[in-house]
Each structure stands twice: as structure tokens, then as C-alpha cells.
Amino acid sequence: ASTKGPSVFPLAPCSRSTSESTAALGCLVKDYFPEPVTVSWNSGALTSGVHTFPAVLQSSGLYSLSSVVTVPSSNFGTQTYTCNVDHKPSNTKVDKTVERKCCVECPPCPAPPVAGPSVFLFPPKPKDTLMISRTPEVTCVVVDVSHEDPEVQFNWYVDGVEVHNAKTKPREEQFNSTFRVVSVLTVVHQDWLNGKEYKCKVSNKGLPAPIEKTISKTKGQPREPQVYTLPPSREEMTKNQVSLTCLVKGFYPSDISVEWESNGQPENNYKTTPPMLDSDGSFFLYSKLTVDKSRWQQGNVFSCSVMHEALHNHYTQKSLSLSPELQLEESCAEAQDGELDGLWTTITIFITLFLLSVCYSATITFFKVKWIFSSVVDLKQTIVPDYRNMIRQGA
């Protein structure tokens with residue numbers, strides 16, 4: 001880094017309190033290069049209570065340091081305290097007087113203003129539009145309605161024609177001290193399925209202009225869903241609870257209802273994924289029912305019920321139970337596992353016995369060889385002639 005003179009900032013305590021007997025005044029010397037820099041107070045006349053900290057090299061490659069002087073609180077405000085900085089490498093001299101500046105307390109911040117009411121429009125539930133016995137409803141929800149302007153006016157239109165059969169529910173106060181207002185319009189099943197357009201117009205004094213929201217059934221050619229049920233996996237049968245799966249694929253639009261039942265009674269312990277877009281533009285989903293393994297093994301029948309506008313009578317059902325084929329397969333699998341376990345046990349025992357027999361044979365052979373070798377050595381020592389006596393006799 002090239003030579004650079006420092007920037008100097010005087011630091012004063014920010015308090016009106018006079019309870020403290022002393023006050024700490026500071027001087028920040030920043031962004032200079034190279035070292036050193038000299039800091040004094042009142043041109044060197046003030047030395048008592050002065051503490052200058054070592055310089056610190058910053059990531060920028062420049063240095064900074066600070067100096068603090070402690071003075072009596074009674075003197076601060078009546079006497080002048082000046083920080084004198086001298087940086088000889090850059091020929092920079094700076095004098096800064098520390099002035100008493102008391103902080104003014106800020107008033108409490110007001111609560112952030114609400115931007116104004118927001119409007120949301122929700123379609124009827126798929127099951128409600130597909131069953132004559134149920135009542136489909138389009139719901140218009142207005143949130144963030146202020147106490148100052150609580151009155152909300154709803155106007156409903158079906159294909160551009162205003163209707164007057166909607167019902168507005170009482171206002172509900174929310175945690176943020178605003179109101180939530182809901183208006184519900186009952187619709188005709190076939191009107192919704194035929195793609196009629198529903199519009200909710202909301203007027204409120206907190207709005208610069210009325211807000212309009214429009215909704216209708218998704219446009220496009222309906223496609224019939226294909227439904228497949230899947231039994232629990234073999235690996236899961238070792239647990240106390242098992243999963244039955246229902247795959248629904250190839251349907252359009254995404255409005256669909258999936259439920260489970262057993263012996264005519266609804267099953268509630270199931271989870272269904274949201275419809276997901278497939279590569280061909282249709283939708284698919286999975287639904288998983290969790291049941292006790294004992295119920296499955298007892299042969300109970302579980303049914304996956306699907307409702308969609310493209311189905312005949314808007315309804316289909318696929319059942320699932322432990323069939324003899326599945327039971328036989330599970331039994332065979334268990335038997336096969338048992339046979340494999342028995343086979344591994346047999347192989348382990350055989351290998352163990354084989355190794356023991358090899359060790360035993362090797363030990364016996366070792367001792368036999370040792371005994372034979374010892375016998376041969378003893379025999380040789382017995383039959384060796386005494387050639388020395390024979391030579392003496394010949395002489």
C-alpha cells in the first residue's frame with residue numbers, strides 16, 4: 001500500500017446522566033499507512049488517564065488505532081479536550097476536539113401501517129363438485145381489513161351476470177388487530193364442471209379501487225385417471241404396521257379426491273400427495289394407507305376410492321387384500337429365507353468341523369513323526385559296531 005494519512009474521529013459518551021464520576025473520551029485514528037502514528041491530548045499537556053491501544057492491521061492493508069482518556073465528569077463540558085494526531089510518513093497533523101453531544105431518545109416506533117385489504121378466491125372442493133348430495137362453494141376471503149374502515153362489500157358475478165345468493169359471514173378479528181371477512185357463493189355442480197367463470201368484487205374504503213378476483217375450472221380436455229393398488233413390501237412385513245399404496249395417474253385436470261375404506265367403513269390413517277405434473281401433461285399422485293399388520297394378515301379388504309370428472313359416474317374404486325397368491329408368496333419367501341438360514345448354518349458347522357479335523361490330523365501326524373524319528377535314532381545307536389575293539393583284536 002502507498003503512504004496514506006489517517007482519518008480522525010473524536011468519540012464522546014452519549015448520556016445525560018451525571019451519576020458517573022468519570023467520563024471516557026476517545027479518539028479513533030483510522031486508515032493510515034505506514035506505521036507509526038503519534039496520539040497526544042491537549043498537545044501533550046494531558047497525560048494522566050491516557051491509554052493508547054496498539055495499532056491493528058486491517059484486511060485493507062491499512063492501520064487503525066484508538067486512544068482513550070478518562071476525565072472527571074464535572075470537567076467534561078466545561079474544559080476542552082483535544083486529540084492531536086501526527087503521522088510523519090504522510091506529513092499529516094490532525095487536531096480534533098471532543099464535544100459533549102447527548103443523545104436524544106427516539107419516540108417509540110409506530111406500528112407499520114397495513115398496506116390495505118387483500119383478496120383471495122378459492123375454488124370448491126373436488127368432492128363437492130362431483131357428488132350431487134354435496135354443496136360446492138366458491139369462497140372469497142378478505143384479510144387485513146382495518147378497524148377504521150371495517151365495512152366490506154361483496155359483489156358476485158357468474159359469466160359476467162351479477163348474482164345475489166352469496167352469504168357473508170361475520171367479521172373475525174385477527175392477531176394483528178385487523179379483520180378477516182369471508183363471503184361464500186353456492187354454485188351449481190354442472191355450471192362449475194362446464195367451466196363457468198366466477199368473479200368476486202370487493203369494495204372497501206381502505207382500497208383505492210375495488211379489487212376483482214376471477215376463478216373457474218381448469219380448461220382442457222379431461223383425462224380419466226388410472227388407479228393401481230400395491231400391497232405391502234416383503235421387507236415391511238417384519239414390522240407391526242404395513243403400508244398399502246394407491247397410485248393414481250394420467251388424469252386431467254388436477255381436481256381429484258382420494259379416500260380409503262375397509263368393509264364399508266372409512267379409513268382415516270392415510271396420507272395423499274398433492275397432484276404432480278407428469279411429462280405428458282397429465283397429473284399423478286400417491287396415497288398411502290397405514291394399517292396394523294394383523295388386519296392385513298386376517299384378509300381384510302381395503303379399498304382406494306377415487307373421484308374425478310373424467311370417470312364414469314365420476315367414481316371408481318380399487319380393492320386390495322391378502323390374496324392366497326400373496327399369502328403363498330410370503331410363505332414361500334419365509335420358507336426360502338429359513339432354508340437359506342439353515343444352509344448357512346450347515347455350511348458354518350461343516351467348515352468348523354473340517355478345520356478342527358485338519359488341526360487334529362496335523363497334530364497326530366506331528367507326534368507320530370516325532371516318535372518314529374526318536375525310535376530310529378535309538379536303534380542306530382544300538383547297532384553301531386565298536387570298531388575300536390575289532391581293530392585291537394586284529395593287532
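Positions of Cβ are set from backbone N, Cα and C atoms, glycine also.
Per Swiss-Prot, Cys140 makes its disulfide bond with Cys200 among Cys27, Cys200, Cys246. Cross-referencing 99-110, 375-386 with Swiss-Prot places the feature region 'Hinge' at 99-110.
Counting only same-chain residues six or more apart in sequence, the Cβ atoms lying under 8 angstroms from the Cβ of Trp156 (site 'At or near the complement-binding site') belong to Cys140, Glu162, Val163, His164, Ala166, Ser183, Leu185, Tyr198, Lys199, Cys200, Lys201.
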